[in-house]
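Trainee: Shown below is the structure under consideration.
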Ligand SMILES: *Cc1c(COP(=O)(O)O)cnc(C)c1O
């Protein structure tokens, strides 16, 4: 068995335990395998293990991977999630290749994605990235900008607004992790008063998956625990 297959099984069982602990159904938490910087062969191993949802952070690398797998057919369609920072001049390849974008942090980015989404493709699923820690240096909308941004983006024809995403400040202890994720879940609950169709909370990575599930995450984005440490050299 490949180590990637073992790692995926391990992460799925961790999600199951975390869900069980807080009385949630394990099926309500989707695993997104974050394959950024990892080779095609690693994604092939994950697919062979029955996993079909991948997250990428860098436009060119992500598009190359989407194109590589586009010609093959699999028992299930592969879904590609863009989760990295977005420059406004790089929106077109994202709009043309991905199924989801988790990192929309400005209305302008959403408008471009909607305009550039090809008519023959399904609408692009959108999550608004929230800066829950309120740091000026971090990307993401501030809490007070979210409602207005959601109202505008929900009107855009080639997008479907699905929910919120955050990358909280790194915290080692469970209680601080839980507090940050709970903030995002509360914001989503507030947003649902005017946008009841929202169904997705993208939160939790390799180091804070348990707290994210406890706070109501519906997509955990897991890289290191599946593919091993990344080498940026
Ligand atoms: C890299 C990355 C992840 C995966 O992080 P790990 O700690 O390796 O699980 C998740 N989300 C985003 C936005 C990332 O950039």
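Backbone N, Cα and C define each Cβ position, glycine as well.
Automatic prediction, not curation, is the source of TrEMBL annotations.
Dumping what TrEMBL says about this protein:
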- 28-230: domain 'Alanine racemase N-terminal' (DOMAIN)
- 36: N6-(pyridoxal phosphate)lysine (MOD_RES)
Trainee: Give the three-state DSSP assignment (helix, strand or coil) for the residue listed as 'N6-(pyridoxal phosphate)lysine'.
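Mentor: The residue in question, the residue listed as 'N6-(pyridoxal phosphate)lysine', is coil (DSSP, three-state).
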Trainee: To what whole number does the mean pLDDT across the domain 'Alanine racemase N-terminal' (28-230) round?
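Mentor: On average, pLDDT over the domain 'Alanine racemase N-terminal' (28-230) sits at 96.
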Trainee: Taking the Cβ of the residue listed as 'N6-(pyridoxal phosphate)lysine' as the reference point, list residues of the same chain whose Cβ is under 8 angstroms away and which are at least six residues distant in sequence.
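Mentor: Expected: 55, 56, 57, 58, 61, 62, 84, 223, 230.
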